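Everything below concerns the one structure shown next.
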Amino acid sequence: MSVGKAAVKVVRLGRISYRSALKLQQQHIKQHLDSCSSSPNTLLLCEHEPVYTIGIRQAPYPPEEEQRLKALGADFFRTNRGGLITFHGPGQLVCYPVLNLACFKKSVRWYVCELERMVIKMCSQFRIEASTSPDTGVWVGNNKICAIGIYCRRYITSHGLALNCNTDMSWFDNIVPCGIVGKGVTSLSRELGRDVPTEEAIPKLLEAFTEQFNCTLTYN
């Protein structure tokens with residue numbers, strides 16, 4: 001292991017329900033917050049079954065809206081992350097870093113910016129020109145390719161990012177993604193004009209994460 005570099009354990013969960021992923025995150029967070037535990041920094045990688053999730057600003061989403069979305073065949077969760085509504089589903093690479101920012105830099109703003117830079121770096125490996133905007137996340141023009149919404153307590157992070165790879169984009173037609181009117185969504189597959197599964201994106205994401213966060217990855 002390189003001297004001075006934080007170690008981050010990569011855990012590949014495959015396709016997992018949103019509820020199960022939340023429970024796993026909570027377990028890792030609890031280990032970090034337990035002073036008797038030496039829990040490792042962890043990167044949880046997964047795909048979800050179709051689910052709509054909303055963040056802490058829940059006023060625009062009354063029970064009637066929840067029922068409408070559930071009737072489409074998706075689950076629905078109210079969470080403590082930042083941001084408004086988004087969709088997760090098959091073909092989308094979801095990354096939940098459960099990190100102690102004391103191992104990196106104790107700044108939430110820095111952390112979100114580093115996540116954005118990491119995804120931009122990963123997109124460049126696909127020869128896709130991505131960028132940030134005043135709205136959180138990573139964009140290709142006016143279309144969001146990666147949503148970012150995090151929660152941080154005592155500098156322990158949870159939630160994370162969702163990168164559209166070969167997602168069925170029609171799920172987004174039922175909402176205003178992230179509550180941003182007048183902008184759209186895109187995916188690696190749409191930008192490249194070919195099928196890009198999550199398995200193709202994972203190595204590039206991990207490489208970009210290693211470089212951006214100056215860390216060493218381990219595998220379970």
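Note: Cβ is positioned from N, Cα and C throughout, glycine not excepted.
What TrEMBL records for this protein:
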type     : residues                                                                   : note
DOMAIN   : 37-217                                                                     : domain 'BPL/LPL catalytic'
BINDING  : R81, G82, G83, L84, I85, T86, F87, H88, A147, I148, G149, G160, L161, A162 : substrate binding site
SITE     : K144                                                                       : site 'Lowers pKa of active site Cys'
ACT_SITE : C178                                                                       : active site, acyl-thioester intermediate
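Mean per-residue pLDDT, taken over the domain 'BPL/LPL catalytic' (37-217), amounts to 92. K144 (site 'Lowers pKa of active site Cys') is 14 Å away from G83 (substrate binding site) when you measure Cα to Cα.
Between the recorded positions R81, K144, K144 has the most other Cβ atoms inside 10 Å of its own Cβ, all protein chains included. The full span of the recorded substrate binding residues, R81, G82, G83, L84, I85, T86, F87, H88, A147, I148, G149, G160, L161, A162, taken as their largest Cα to Cα distance, is 15 Å.
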